Amino acid sequence: MDKLADLNYTLSVITLMNDTLHSIIQDPGMAYFPYIASVLTVLFALHKASIPTMKIALKTSKCSYKVIKYCMVTIINTLLKLAGYKEQVTTKDEIEQQMDRIVKEMRRQPRMIDKLTTREIEQVELLKRIHDKLVTRPVDVIDMSKEFNQKNIKTLDEWESGKNPYEPSEVTASM
């Protein structure tokens, strides 16, 4: 276990791989050598990182199948990212979780639309009432029937003997 986590051991293995590749490929004009070396280095680092992780996970976990599946999916996704792919490998559990999340969101959307629609209708009704109160209407004839001081006034035709009782009359006084 100490050998797996030892940085010097890892660097010596990488140097050994590079020396081996240099001895195999004698052509100094080889253009793809740095890419091949970097891919092999990454694969070796993944190998060295994943084996201790999987050993620890298998010892501590009760459900080893899920752990192995998760580790494999993670390694494959890492390799796909390194290769430049945007797609990822997912497990059935992840797909089911995403589908559940999407279904919950789809159920939530109509409720939100209903709430927003109700609020918008209420706002439109309120704006209509405010508009109706603010609109000035042209007045041709003033209706005085509702005025307080006009309730008991009689017209000239309604007065007894056709005489206005409020008109001053001539008063003569003795001296």
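Placement of Cβ uses the backbone N, Cα and C atoms for every residue, glycine included.
Here is what Swiss-Prot records for this protein:
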- 1-28: topological domain 'Lumenal' (TOPO_DOM)
- ASN8: N-linked glycosylation site (CARBOHYD)
- ASN18: N-linked glycosylation site (CARBOHYD)
- 29-51: transmembrane segment (TRANSMEM)
- 52-175: topological domain 'Cytoplasmic' (TOPO_DOM)
- GLU120, GLN123: Ca(2+) binding site (BINDING)
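Taking only the Cα positions, the spacing between GLN123 (Ca(2+) binding site) and ASN18 (N-linked glycosylation site) is 73 angstrom.
Averaged across the topological domain 'Cytoplasmic' (52-175), pLDDT in this predicted model comes to 76.
Under a cutoff of 8 A between CB atoms, and with a sequence separation of 6+ in the same chain, the neighbours of ASN18 (N-linked glycosylation site) are ALA37.
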